[in-house]
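Novice: Copying in the features that TrEMBL gives for the protein in this structure:
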DOMAIN    A:40-440  domain 'Major facilitator superfamily (MFS) profile'
TRANSMEM  A:41-66  transmembrane segment
TRANSMEM  A:78-101  transmembrane segment
TRANSMEM  A:108-127  transmembrane segment
TRANSMEM  A:133-158  transmembrane segment
TRANSMEM  A:165-186  transmembrane segment
TRANSMEM  A:198-216  transmembrane segment
TRANSMEM  A:257-278  transmembrane segment
TRANSMEM  A:322-342  transmembrane segment
TRANSMEM  A:348-373  transmembrane segment
TRANSMEM  A:385-404  transmembrane segment
TRANSMEM  A:416-439  transmembrane segment
Amino acid sequence: MTRVSAPCTSVCSSFKDMNNHGPKAKSHSGEAEGPNGDWSWVLVGALFISTGLVFGLMRIMGIFFVEFVNYFEESSQSISWITSISLATQQFFSPVATALCNAYETRAVVMTGGFLSGLGLIAASQATCLVHLYLSMGVITGLGWALVFTPMMATVVANISQRRALALGLGLSSIGIFSFTLSPLFQLLVEMYTWRGALLIMGGLSLNIMVCGALIRPQWCSKALKKVDSKPRSSCATVLRRVSSYLELPVLLERPYLTYTATITIFNAGYFVPYVHLVALSRMTGFSEYQAAFIMSATGVTDILGRVTTGWFSDLGYFRTIHLLSLWVVLAGLFIILLPVSSLTGSYAALMAISLLYGFCSGALSSLVFAVMPMIVGVERVMGALGLLQLIESGAGLLGAPLSGLLKDMTGNYTVSFIVAGSFLIVGTLIMTTLPHYFSRTDPPPPHRVPHDVKDRGVHLELEHINNSPSDTSPKGAQ
Amino acid sequence: MSASWGKLFFQLVLLLASCGHINTKTPSPTSPSLDPISPLPSDIRRVVLKGESHTEKVELLNPVDLALECIWSGNENKSPNITGYWRKDGEEMQSIRVTVQLENDKYTLRQVFKIVSKENLGSYSCSFGDEAKADFLLAGPQIGEVRDKPIVSYVGDSVVVKCKMDEKKPKPASWNWYKANGTDKEQIFYAAEPQKYEIKNHEWVTKLVVHKLTEGDSGFYYCEGVYAVSTTMGHVELKVITFLEPLKPFIAIIVEVIVLVAAILIYEKSQSKKNSAGGNETNADQTNTPTPGDNNGPEESSSTRQRKV
């Protein structure tokens with residue numbers, strides 16, 4: 001017998017009963033209509049906290065760098081490898097994480113990820129040499145973060161269809177909020193307990209991701225339900241086929257997905273550059289440490305605003321999400337190019353203004369990037385697709401900041417490196433325009449898997465029906 | 001022959017007398033011809049007095065002939081003469097009290113002081129009668145960066161205490177480190193305890209490395225940069241704590257995580273028990289209406305649910 005998504009259906013509706021909602025005529029598929037009351041917002045809250053504890057903590061790792069440089073007496077370049085390793089590990093292992101979610105339960109994966117990320121930081125607090133830090137704070141914590149971020153994102157994207165962009169915007173706004181509020185807190189902790197004590201406490205805080213993981217109800221239908229045959233054959237071919245389906249490898253053969261991935265990869269090459277070099281640019285222009293730090297904080301605030309505002313605006317449905325994404329990317333690229341230009345004028349107000357605008361656009365684009373994905377690959381494949389995307393874009397992210405550092409070393413100032421970074425974003429947008437149906441006014445029907453089975457067909461027709469009424473075609477989505 | 005010996009003897013006595021005169025505590029006006037040492041570089045500091053008093057800081061590192069000059073424009077009744085005198089560290093230097101003439105509508109008081117050792121530093125004041133006064137504070141340069149927050153480290157760990165001189169000023173000839181012991185300062189000789197202390201000096205920066213910290217190592221440490229005529233002192237506070245300190249908030253967070261996770265899982269278990277008790281028929285109704293081909297639904301749902309929970 002072949003199992004279909006029907007068991008998921010009943011599981012989903014039984015959980016909906018728990019939330020005291022009446023049966024909805026449309027919701028007879030694996031995805032739950034959102035926001036169906038409390039549970040969706042709980043999920044958004046879990047995304048909020050876990051994303052903040054992943055990327056917010058990554059951003060404030062910079063506080064430890066000065067301490068590490070003094071204690072281990074290494075160059076700041078060797079110390080900055082710690083963040084690079086953790087980010088690269090997080091992105092590289094994303095497809096593994098999503099494959100594990102497809103194979104097993106998302107909840108278990110996220111809780112394991114939370115445990116690993118906390119463990120890595122706790123181990124780092126006992127480090128006696130730089131390599132210890134690379135392994136603990138870099139690899140173990142990065143691996144933990146990989147098991148947390150993409151699964152949580154994919155769960156939210158797949159389970160919330162109404163107001164998806166707003167949910168994502170709210171969830172991702174935590175990065176800015178956490179880095180803004182935790183930054184002075186950790187500065188204080190480093191002063192009180194030195195970096196060892198502060199890392200220990202940071203590890204403890206990371207363990208709160210396990211709480212977020214516990215909040216994920218086993219609602220996301222794992223592919224294990226769909227794929228298990230009555231005769232379990234463990235031949236190579238079957239295993240490989242299963243692994244490739246968990247990893248969603250076939251999606252790599254589709255042109256829309258490839259185009260979109262190429263676009264996001266190019267974005268990544270330029271997107272991180274201001275975060276890495278803005279403080280240095282401000283110091284080079286002649287502003288004090290506090291002024292430079294204040295610019296970063298203010299940019300963080302507009303980043304948060306950008307994420308939430310664009311989420312809300314995109315859900316109103318006046319424009320297609322993908323058009324809004326292109327708009328924000330082009331603006332962000334433009335402002336990145338203007339940053340060194342405004343610093344040339346030497347005016348603090350000009351630099352601050354452009355940084356604030358850049359912050360808003362970069363926050364706006366980062367939450368929409370994930371919101372567009374279901375329209376390209378379909379809701380059921382979002383988990384694996386996001387994992388692969390993270391992996392592919394990681395290469396560009398790894399290269400982007402060192403490339404701009406290299407350009408700065410070659411030319412002596414940041415002008416060229418910022419211009420290159422901004423132009424990456426604009427070039428990426430041009431590539432994005434080659435997506436099919438880019439210039440149409442409404443969203444095209446997203447692709448769905450070719451049904452293998454007659455029994456599947458009925459359910460999949462309904463899935464298509466659901467996917468065809470996404471969040472942004474009409475503003476009646478207020479529930 | 002005896003006359004030339006007598007002359008030589010007399011000149012020697014004169015020489016010794018003038019040397020002896022130079023070595024007294026109070027600095028005296030000098031004339032180059034009696035000077036046995038090679039002429040020193042000279043420097044001048046000039047202060048124009050406006051109002052009651054004025055303080056000028058003078059940084060000195062090397063021996064110098066320092067000329068201090070005070071110019072005062074006088075008060076309402078410009079008397080032709082006024083007594084000008086100098087004070088060092090509050091005590092008047094009687095030997096150089098002069099009468100100052102009014103020239104070009106102002107009084108000028110000038111004195112050259114020979115600064116060759118630490119005793120020559122201090123506070124020099126010029127005064128015009130009892131009316132106008134200026135202070136010159138002669139001292140060594142200030143330490144560049146003084147860290148106001150204590151350096152924290154753990155028992156058993158090693159720590160680097162750093163003092164940095166401003167790079168715009170010349171580097172000290174040598175550095176000394178002291179540990180505060182009550183109100184005294186005890187010098188740290190690293191040769192005495194090489195396992196414990198290590199002093200690394202590099203141009204403008206001096207580092208004291210303390211190994212195998214104990215709680216008794218907490219306290220103030222003083223770094224002293226030594227120049228030819230002056231020294232400069234900076235201080236850093238070291239605090240040594242045990243690992244129990246950060247462990248307390250850490251344990252609190254761990255407890256919170258465990259409590260929350262347990263609460264969530266228990267809540268969910270209780271909810272699903274409630275549902276599996278009376279929810280099966282409701283499920284069957286709901287799933288049957290919209291979806292075709294769903295006859296397997298209810299049985300698999302309960303088995304799935306139990307498997308997952």
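For all residues, glycine too, the Cβ spot is worked out from N, Cα and C.
TrEMBL does not curate its annotations; it predicts them automatically.
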Novice: Any chance you could find the range in A:108-127, A:322-342, A:416-439 with the most Cβ pairs under 8 Å to the transmembrane segment (A:198-216)?
Specialist: A:108-127
Novice: Going along the chain, which residues at least six beyond the ends of the transmembrane segment (A:416-439) come within the CB cut-off of under 8 Å?
Specialist: 255-256, 259-260, 262-264, 266-267, 269-271, 273-274, 277, 281, 322, 325-326, 329-330, 332-337, 339-340, 376, 400, 403-405, 407-408, 410
Novice: Where, among A:41-66, A:78-101, A:322-342, A:385-404, do we find the most CB pairs under 8 A to the transmembrane segment (A:257-278)?
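Specialist: Comparing A:41-66, A:78-101, A:322-342, A:385-404: A:385-404 has the most Cβ pairs near the transmembrane segment (A:257-278).
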Novice: Which stretch from A:108-127, A:322-342, A:385-404 shares the most C-beta pairs under 8 Å with the transmembrane segment (A:78-101)?
Specialist: A:385-404
